[in-house]
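Down below is the structure, laid out as structure tokens.
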Amino acid sequence: MPDYRSKTSTFGRNMAGARALWRATGMKDEDFKKPIIAVANSFTQFVPGHVHLKDLGQLVAREIEKAGGVAKEFDTIAVDDGIAMGHDGMLYSLPSREIIADSVEYMVNAHCADALVCISNCDKITPGMLMASLRLNIPVVFVSGGPMEAGKTKLSQHGLDLVDAMVIAADSSASDEKVEAYERSACPTCGSCSGMFTANSMNCLTEALGLSLPGNGTIVATHADRRELFLQAGRTIVDLCRRYYQEGDESVLPRAIASRAAFENAMTLDIAMGGSTNTILHLLAAAQEAEVDFDLHAIDALSRQVPQLCKVAPNTPKYHIEDVHRAGGIVAILGELARAGLLNTEVATVHSKTLGEAIEKWDVRVNRDQAVHTFFKAGPAGIPSQEAFSQSERWDSLDLDRAEGCIRDLEHAFSTEGGLAVLYGNIALDGCVVKTAGVDESILVFEGTAKIFESQDAAVKGILGDEVKPGDVVVIRYEGPKGGPGMQEMLYPTSYLKSKGLGKQCALLTDGRFSGGTSGLSIGHASPEAAAGGAIGLVEDGDKILIDIPNRSINLLVSDEELKARRLHQDHKGWKPAAPRARKVSTALKAYALLATSADKGAVRNKALLDE
């Protein structure tokens with residue numbers, strides 16, 4: 001049987017000093033025989049998705065202690081992408097993922113913790129903690145802060161979210177009063193933004209990976225039912241410790257659970273629910289930490305065979321995450337995928353022997369148990385709040401309509417191909433990604449004229465200044481992991497195109513990335529990026545670009561000879577923006593850029609450079 005890792009600092013005469021320090025944290029004699037479990041919290045008052053987490057780490061800690069473990073809490077940083085958006089703050093968002101992963105590794109390994117509970121929620125925190133847990137490969141359970149309730153206003157016939165506020169603010173025909181009404185209504189409670197944006201997508205994917213409990217991605221942050229998830233996480237992690245350290249059961253380790261098949265399940269779910277394109281970036285990064293052979297080509301293959309079974313904001317204004325929960329949550333989508341033969345149900349989870357057993361227990365179409373149905377009736381209260389577990393409202397009924405409801409069965413899928421696609425061509429030899437769930441059918445094939453911008457700032461200025469016309473392909477380059485640095489999100493450019501009435505008349509191509517709130521023909525992650533010599537850096541104003549989503553291609557309609565000549569010229573000139581950018585890049589960001597790979601590799605560090 002493996003020894004507790006913590007024995008390194010708690011056992012033997014020579015560890016008297018370390019034990020003295022442990023005692024100063026409150027440990028007693030009997031505690032030195034128990035597993036020490038790290039609780040990685042991410043509380044901050046900067047982020048609505050994390051503002052309510054302050055006491056939840058201790059809630060988990062007390063449950064761990066009741067179950068026979070010793071709990072030690074620490075916090076990671078957390079960046080709010082929405083607040084960091086539209087200025088140089090966004091340069092720090094993606095790099096913060098690596099900082100979070102490293103900080104969890106540092107704390108757990110420095111103190112020889114035996115296991116880990118990850119309390120995450122928003123965009124880079126869940127991926128960062130996921131990368132760390134797979135890197136460490138000790139027992140782990142994820143529990144998130146939960147999604148925000150959708151906003152409401154008398155001026156709108158549907159739920160509101162952050163993107164609605166951004167779009168209307170850029171609409172010159174909207175009155176100041178209307179803009180203010182949206183601003184005050186779009187984000188009414190604590191929690192991760194209410195649509196199928198990056199944060200909620202990732203929290204849902206942890207369910208498919210088998211590392212979190214049912215409901216983790218969908219119970220709203222304010223609902224009392226979410227409290228039980230935190231308590232159950234505390235009990236579960238102690239049980240996983242017992243099975244690994246006392247019984248030698250390696251099947252409970254995260255790399256055993258998050259296998260190649262589990263990653264395929266997670267990506268299948270992502271495609272079926274039209275998740276954020278950022279999830280591709282994060283799953284690729286996590287797979288590398290898990291030492292799983294999972295790449296863009298695998299994602300491309302899945303995207304061609306998985307239908308879209310769920311459609312949520314920003315892909316439709318009709319549904320938000322709270323509606324997914326009412327329809328049976330992530331387990332309901334997994335159940336439909338399993339019945340369609342698109343899921344590996346033999347993979348393990350932290351809460352069930354197999355995913356198949358979990359579906360049998362939690363899928364509302366399979367299990368008619370009243371307790372299960374009551375669980376999925378947990379809904380929003382419509383009361384502004386920054387407190388966790390502050391309400392206990394329930395829907396009168398579930399959404400079990402698999403023909404026209406929020407979640408569909410295979411026969412009634414929103415589309416036969418899923419909500420994400422990988423495109424290849426001479427402008428992106430290593431691939432790029434598009435959220436097809438947000439693309440109007442009329443522009444699935446689009447030939448347009450390149451309009452070049454050397455930064456997001458320049459693109460925003462150009463769009464608002466009416467430089468972009470119908471039929472243009474807005475190209476924003478040198479915004480990749482290395483070139484930005486930091487691979488900024490392009491939510492403002494896409495929102496402004498939408499507000500200008502160009503959402504169905506233009507395309508946007510970038511080596512940067514997009515917010516989960518993005519819709520329209522928005523193609524990101526172009527790889528290699530411009531700063532790494534990618535062909536996106538060779539496009540010139542007026543070039544024709546052909547985008548063909550059904551055939552998964554994107555090409556610059558320029559001869560190979562012309563591209564070769566342009567490349568020779570650019571090699572001589574250097575792969576840098578043609579127009580100077582007023583951008584201050586700190587030493588920390590320069591260090592990130594030095595090691596960053598392009599998006600097709602997950603924008604992780606280039607380990608080959610470290611080996612040198």
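Cβ from N, Cα, C; glycine included.
Here Swiss-Prot flags SER515 as active site, proton acceptor. Annotated Mg(2+) binding site per Swiss-Prot: ASP81, ASP123, LYS124, GLU489, in sequence order. Sequence annotations record features per position, and here Swiss-Prot assigns [2Fe-2S] cluster binding site to CYS122, CYS193. Annotation comment: Swiss-Prot describes LYS124 as N6-carboxylysine.
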Across all protein chains in the structure, which of the binding-site residues ASP81, ASP123, GLU489 has the highest Cβ count within 10 Å? ASP123
DSSP-derived class (H/G/I helix, E/B strand, else coil) of ASP81 (Mg(2+) binding site): helix
Pick the one among the binding-site residues CYS122, CYS193 whose Cβ has the fewest other Cβ atoms within 10 Å in this structure. CYS122
With an 8 Å cut-off on Cβ distance to the ASP81, ASP123, LYS124, GLU489 Cβ center, who else from the chain surrounds the Mg(2+) site? VAL79, ALA84, MET90, SER93, LEU94, CYS122, THR198, ALA199, ASN278, SER515
Cα nearest CYS122 ([2Fe-2S] cluster binding site) among recorded positions (ASP81, GLU489, SER515) -> ASP81
Taking just the CA atoms, what is the gap between ASP123 (Mg(2+) binding site) and SER515 (active site, proton acceptor) in Å? 9
How many Å separate the Cα atoms of LYS124 (Mg(2+) binding site) and SER515 (active site, proton acceptor)? 12
Neighbourhood of SER515 (active site, proton acceptor) by C-beta distance under 8 A, where only residues 6 or more apart in the same chain count: ASP81, MET85, VAL163, PHE197, THR198, SER276, ASN278, GLU489, MET490, LEU491, THR494
When DSSP states are folded down to helix, strand and coil, where does ASP123 (Mg(2+) binding site) land? coil
